[in-house]
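Taken from TrEMBL as is:
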- 109-162: domain 'PAC' (DOMAIN)
- 329-402: domain 'PAS' (DOMAIN)
- 404-456: domain 'PAC' (DOMAIN)
- 451-566: domain 'Response regulatory' (DOMAIN)
- 582-647: domain 'HTH luxR-type' (DOMAIN)
Amino acid sequence: MSTSDFLTDVGVMGARIKAHDWSTSSLGPIDTWPQPLRIMLDTLLASKFPGYIAWGPELISFYNDAYLPMLGEKHDALGKPLREVWPEIWDEILPIAEGALRGVASYLEDLPYTLLRNGYPEQTWFTFSYSPIRIEDGKVGGVFCIIQETTKRVQTEQRLQFLVDLGNRLRTLSNPRDAMAAAAEMLGRHLAASRAGYVEMGATGETMSVDSDWTDGVTPTFAGRYRIEDFGSPIHEELAAGQTVRLDDALTDSRTAQKDVAEAFIANGKRASLIVPIIKAGVLAATLYIHQTEPRQWRDDEVALAQEVAERTWEAAARMRAEKALKEGQERFRQFAEHSATVLWIHDLDTGQLEYLSPAYEAIWGEPAEVALSNPDHWIETLHPDDRALASKFRERVQRGEDFTQEYHIVRPDGGVRWIRDSFFPIRDEHGRIRRAGGIAQDITQHDGSIVYVVDGSDTSRKEICLLLQGVGYEVKVFASAQRFLEVAPMLVPGCVVLNVRTPEAGALTIPREFKARRLSLPVIVIGEAYGNVDFGVQAMKAGAVDFLDTPYGPEQLLDSVASALAAIHKSAESDQIGQRFKAQIAGLSGREREVLDGLLAGGTNKTIARDLDISPRTVEAHRARIMERLGARSLPELVQIAVAAGLQRSASGSGGSPH
């Protein structure tokens, strides 16, 4: 190959080799290089796969464009002996290179190396082959290496295996603190850290404590109680906001650069830190920390792994606490269930059978518990058709380990509809497997009448109204738009609606109009600026509002209006409850007593009823007396009132015979 044909159209490195001053090197000028070197260089530079050549006794470095990313900051390695390019791993690669110089080729997979190619220690993995390059006399003139970095693949495999091992380890534990300690130890060892553990925040938010942690045997434990302010408010603010903190060096990081803060970090073995927040109910509950006594640049995959470990372990610990409490309190649970107004139930996920139903089932569902216990499909059959599809998925959600709350409607045998709020949770066996589902079903059809729904598009006035109502003990739920409120209105428990429309513009009275059209029974109080326009208040009342308050209004006016609306709800609820009680009492009458009652409601006398039923008037009189006694009626008119309250109607015929 002529000099003019050599190093043409071979990329960035070809141009750099051609421009390099080789006259002072042991190789000499390019036109003196041996033909085998020229041929191999031409092959190397034309390849799109990373590779390099180490030539001569000094193993002088050549490499192609694809190899450049592997060098990192060592981009000036061209022409340097391999020993100077990779001094940090020279002892590891020298035997391989020497073998190739002796004519022995090699292929090695996923070899680990700690490189300093980007200014900090970096764990890497490579797969490569070393081949000897022979010159004219048959001797080996250099080494040809094809190389592939496998760091990301190896790290991914290790991460997945670590998570599998962590899951297996956690499944063998039942104590939450043991679970957190095991996770900290495994993560600390996996990341080759100095220390790892969990911090729990104090109730006041001013202190934090560490019960125990894992260390490398050299670094002292971080266990103890600390003031949060001693470790820098910027870091705590990030954690409280749910952000993971990556601190590569406490001495240079702006968040800890203050002398006293940096000194506190270093004194506690935290020159570098990775801190993952655990937020529960919007509050910083704990953190998972990984500490390093020396500076360390945390990789993205290390951060992601720490975040996953923190979440998995905290969830596992929470489950363990719940399972332990459930196991220890099983007898207390049953005692409570026997006297609870809510339905407590246990469901076998394998057989589909209900194993337990508390006595409240009969009162809420209106049927004996044995009906549901004997038929696996019966519970679904009691659901309102609109709710069956959603509620029937509870099994698969519980089997995934979810704790959740579901609201649905049931249709009782008597035709009554009840609104149920059911809390579902998994119950695990001694091996940690989810075998059963547990739940607490609450009848939320009736309410104590103290809830107020505030619909107001203005943050300022909405807050003012809420503070006023909450200040006197009302439970308040807020909605920023009428549209959002109307979407959920049919599912809300009874309460009063305070609608602040401010101005009588188009669509302002949508809520009371929709309620009127849909026959929704929530009373609506409208607040608005009428500007002396009486028609606005009239429009509101015609639309269906129970009251209208012109702004500005006094706090007492709103409170009086709300109290009046809720009192009406309470009275209606009491009437419904009385009716349900009378209905249950009537359902307990014998067949003959019910026939006599029907005759009385139809206006029949003892004689006409006796004739219709083919019994004696004396027998009718005896049944009538028992009916009056069982229903608590002191007179026939009072008996009729009780029957009407229970949903029965008196016949208009005024004569004996069957009621209409």
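Keep in mind that glycine also has a Cβ here, set from the backbone N, Cα and C atoms.
Curation does not apply to TrEMBL; its annotations are automatic.
Taking H, G and I as helix, E and B as strand and the rest as coil, DSSP gives the domain 'PAC' (109-162) the counts 12 helix, 30 strand, 12 coil. Averaged across the domain 'Response regulatory' (451-566), pLDDT for the predicted model comes to 84.
Each residue of the domain 'HTH luxR-type' (582-647) gets a DSSP state, and the totals for helix, strand and coil are 50 helix, 0 strand, 16 coil.
In terms of DSSP secondary structure, the domain 'Response regulatory' (451-566) contains 54 helix, 27 strand, 35 coil.
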